[in-house]
Amino acid sequence: MASLGVNIDHIANVRQARRTVEPDPVRCALLAELGGADGITVHLREDRRHIQDRDVELLRATVRTRLNLEMAATAEMEAIALRVRPDMVTLVPERREEVTTEGGLDVAGQRDGLAAMVGRLMEAGIGVSLFVDPDDAQLEACRHCGARWVELHTGAYAEAAWGEQPFQLARITEATAIARGLGLRVNAGHGLTYHNVEPIAAIEGMEELNIGHTIVARALLVGLQEAVRQMRALVQNPRRDPLFGDRQP
Ligand SMILES: CC(=O)[C@@H](O)[C@H](O)COP(=O)(O)O
Ligand SMILES: NCC(=O)COP(=O)(O)O
């Protein structure tokens, strides 16, 4: 049964639209936890477009579940992680001009440098997850780096046309089995919604889904605590193939 990490980046987006103090993601994290979140995820971007350093520091002091810090694999972010000590760091690719994360981290292309950073973070007692595409070579490189976790990028699945979703679901299902065979624990996220999440949540061995944008969007209609409660109900008790009817992936 998968757990739910709630990403609160887009609450901070609303605040940053006016460079003001509300809505405060720190206060909203409490509501997400009251709604049943198993963890809180934030992406501290180099351009600070939404989550701020102050948010990460206060969340460390206030989150009662687990704090997962998404960050680029840079010296600046590593220093922040070693100071703040989140429960987990998820290393993600980052480009200033991107609207949102566009793909998985190229672990295979920077194995040795990442292995050193992973080692330092784990030495400090911080769990490390690598955000990668569902790709065999990337998963093998993740094992080489010493990370215990991978987070499979579900963007291609989420953005796929209806007829292509079974293929993308099969890719993630297969990657999950391969990752577990390599001794890695498996999370997933990016672009998941109330309408596409269940087949991902139902994958054998899927441990946690990190979901943000769709929860914040629904929160505008029903409130954050209720939006989290509704998503956790889907993640915890997914119908295997509500999207595909009698189609087989
Ligand atoms: C790694 C991932 O898929 C998301 O957490 C992404 O980092 C969100 O970034 P934005 O919130 O800036 O879109
Ligand atoms: N790593 C995925 C995440 O934290 C949330 O992504 P999204 O649901 O906002 O697309």
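Cβ atoms here come from the backbone N, Cα and C positions, even for glycine.
What TrEMBL says about this protein:
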ACT_SITE  HIS43  active site, proton acceptor
ACT_SITE  GLU70  active site, proton acceptor
ACT_SITE  HIS190  active site, proton donor
BINDING   ASN7, ARG18, GLY191, GLY212, HIS213  3-amino-2-oxopropyl phosphate binding site
BINDING   ASP9, HIS10, ARG45, HIS50, THR100  1-deoxy-D-xylulose 5-phosphate binding site
SITE      GLU151  site 'Transition state stabilizer'
For ASP9 (1-deoxy-D-xylulose 5-phosphate binding site), just count the other CB atoms lying within 10 A of its CB, please.
21
With H, G and I counted as helix, E and B as strand and the rest as coil, say where DSSP puts ASP9 (1-deoxy-D-xylulose 5-phosphate binding site).
helix
Cβ within 8 Å of the 1-deoxy-D-xylulose 5-phosphate site centroid (ASP9, HIS10, ARG45, HIS50, THR100 excluded): which residues?
ASN7, ALA12, ASN13, HIS43, ARG49, ILE51, GLY212
By a simple count, how many Cβ atoms lie within 10 Å of the Cβ of GLU70 (active site, proton acceptor), its own Cβ left out?
28
For GLU70 (active site, proton acceptor), the one of HIS43, ARG45, GLY191 that lies nearest, given that the recorded positions are compared by Cα:
HIS43
At 10 angstroms around each C-beta, which of the recorded positions HIS10, ARG18, HIS43, HIS50, HIS213 has the fewest other C-beta atoms nearby?
ARG18
Can you tell which of ARG45, HIS190 has the least company, meaning the fewest other C-beta atoms within 10 angstroms of its C-beta, among these recorded positions?
ARG45
Relative to the Cα of HIS50 (1-deoxy-D-xylulose 5-phosphate binding site), which of the recorded positions HIS43, HIS190, GLY212 have a Cα no more than 10 Å away?
HIS43
Annotated recorded positions ARG18, GLU151, GLY191, HIS213, filtered by Cβ under 6 Å to ligand 1:
none
Using a 10 Å cut-off, grab the number of neighbouring Cβ atoms around the Cβ of GLU151 (site 'Transition state stabilizer'), all chains included.
30
Using a 10 Å cut-off, grab the number of neighbouring Cβ atoms around the Cβ of THR100 (1-deoxy-D-xylulose 5-phosphate binding site), all chains included.
12
Using a 10 Å cut-off, grab the number of neighbouring Cβ atoms around the Cβ of ASN7 (3-amino-2-oxopropyl phosphate binding site), all chains included.
25
Distance check, please: Cα of HIS43 (active site, proton acceptor) against Cα of ASN7 (3-amino-2-oxopropyl phosphate binding site), rounded to an integer number of angstrom.
8
